[in-house]
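Straight from Swiss-Prot, the features:
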ACT_SITE  100  active site, proton donor
BINDING   16, 17, 18, 70, 139, 200, 201, 202, 224, 225  FMN binding site
């Protein structure tokens, strides 16, 4: 699949997730089979660009793979400015967020709250496309609620505005992440536009990935929450799509190596104070299916020092293997 002039190495894309798809996580997913990774959402409000954490996350020069940066907001000019800023800092693709259902985003009329206002959507899309000379993509949902699904209209509008690919989550804004994603809307959008369509929502296994691709006719898949604590899911899905067979479960030693490497990367990226705190949620995701890990997770979450976190993880896996 191509987005503009960029050829993805496969059909599997890491979904942008606030507080999750930072540089260490994106690099890890790319290493384990993802064809592209989209950065976590960046606000179009320049006042929020000044924190050290934001500045650190905004620099994309030197990253592996195709660098896609997601921006969010409701003011067309601020969105255009954010797109230009991102390109100046290494973005090769700009992704516009109109899919996030979070209240703190929606109350600012950003994310999926915009689905009620196609006129504003059109202004934003045109402003961003005109502001940069890189491909612009859009991530959105099927509609405001189940009675107001307007994804076909939004998809056609996006295509007319110059959007070069569309990622569609199979839920409405009102659904948040409840219930199950539906794929009929994605199938209908794929049939309605000629730009690439990327299916998103509940793609949590190789078999589900194959089903969604075949049912919707989508050009690619976007995977978010199922990759938390399992970044190798992209490798598993790619193998299944190519060969029709499932890979064996990763040996515990390889899981240990991946997790320790990820935690070390977080420590190095965020520093001695913030790194261990961010590592906690990732370790929780890695160990969520380990029945014996509940007590360890509580202990681990109380550890503030980077070196002590690594020692604790070594000890945990030594006990599991013994």
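From the backbone N, Cα and C atoms, a Cβ is placed for every residue, glycine too.
In the three-state DSSP scheme, residue 139 (FMN binding site) falls into the strand class.
Listed recorded positions: 18, 100; maximum Cβ neighbour count within 10 Å falls on 100.
When other Cβ atoms within 10 Å of the Cβ of residue 201 (FMN binding site) are tallied across all protein chains shown, the result is 27. Taking the C-alpha positions, the distance from residue 16 (FMN binding site) to the residue listed as 'active site, proton donor' comes to 10 Å. Comparing the binding-site residues 16, 224 by how many other C-beta atoms lie within 10 angstroms of each C-beta, the top residue is 16. Between the CA atoms of residue 201 (FMN binding site) and residue 100 (active site, proton donor) there is a gap of 12 Å. Considering only the residues assigned to FMN binding, 16, 17, 18, 70, 139, 200, 201, 202, 224, 225, the longest pairwise Cα distance works out to 21 Å. When the Cα atoms are compared, residue 224 (FMN binding site) and residue 100 (active site, proton donor) turn out to be 12 Å apart. Around residue 139 (FMN binding site), the same-chain residues at least 6 positions away in sequence with a Cβ under 8 Å from its Cβ are 15, 16, 38, 70, 95, 96, 97, 98, 99, 166, 167, 168, 169, 200, 222.
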